[in-house]
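Notes follow once the structure below has been shown.
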């Protein structure tokens, strides 16, 4: 039997899907990302959303101002697609190096997505230009039809929206974000070099039983929602396969405690502080620690056409216990795995 490593040295990772919010929340959560990640794709679903080059530049400056001294962190900005968005704004932002990608939220699919796209046909001109200039499209892949069960919305999206979109724009670089189903995993793994996906820590570690059995656990509630264990296992097998078009995207999405623990709680898991420990734990359980660095640090830059980070981090096989709460002024955040321990810590 091969001895398991006690220290893993990997290239500094990037987070290819994160919500940093703004103001006090931004200042509170950013250090948990900037300490260990070199770059992050920052979601644009603020209120109001980031739809112009000017608003993206201003938001990037607010993020950089909140980076703790000594952290080398670079936010990668995205543009929020709307039915009425001017295609020239997208092209200009990408060519200036302000926008790294554009984000497609189906209208009302998730938090702050009411301004989202009502039909792909409404943005076909934008997608055509994005394909031409090589700008990636990031997709929250769920249909919003009320007649479709919440557990089926990702698979239905692939069938009715994503596949036709990719047929129409075959050379458009597409990232199907935070995939949660065996259908999505199979679709991406069997796809071509223009299709990639991110996977979150919570969808690899947990399934819907963890959220619903023995009481409702609101801090595991996110969108897309946790699925049954067969889907969780399919995701785990996909990352263990070493597919080069799967990469780290935490979808870390903080909400104040009272907005999660309510009669109508918000969707989102704040996992930045536990993400790397969680990924290492899952990859070890799948006997795939040799695939961890590529998933965390190499596959994303390759797909985006960016260099890998030139610094390194180390994961140690030692117990780390995560905080029960994180102070947020007069409020607090309940982080992923609050009060729980894992056997991989990060330095």
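Quick reminder: no glycine exception, Cβ is built from N, Cα and C everywhere.
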Residue among 58, 155, 234, 267 sharing the substrate site, where Swiss-Prot lists 19, 20, 21, 45, 140, 223, 255 as binders: 267
Same Zn(2+) 2 site per Swiss-Prot - residue from 103, 129, 132 joining 140, 178: 103
Annotated companion of 17, 19, 103 at the Zn(2+) 1 site, Swiss-Prot, chosen from 193, 251, 290, 310: 251
Surrounding CB atoms that lie within 10 Å of the CB of residue 178 (Zn(2+) 2 binding site), all protein chains: 26
Residue, out of the binding-site residues 21, 140, whose Cβ gathers the largest set of other Cβ atoms within 10 Å: 140
Residue 17 (Zn(2+) 1 binding site) versus binding-site residues 45, 178, 255 - nearest by Cα: 178
Alpha-carbon spacing, residue 19 (Zn(2+) 1 binding site) to residue 45 (substrate binding site), which is rounded to whole Å: 8
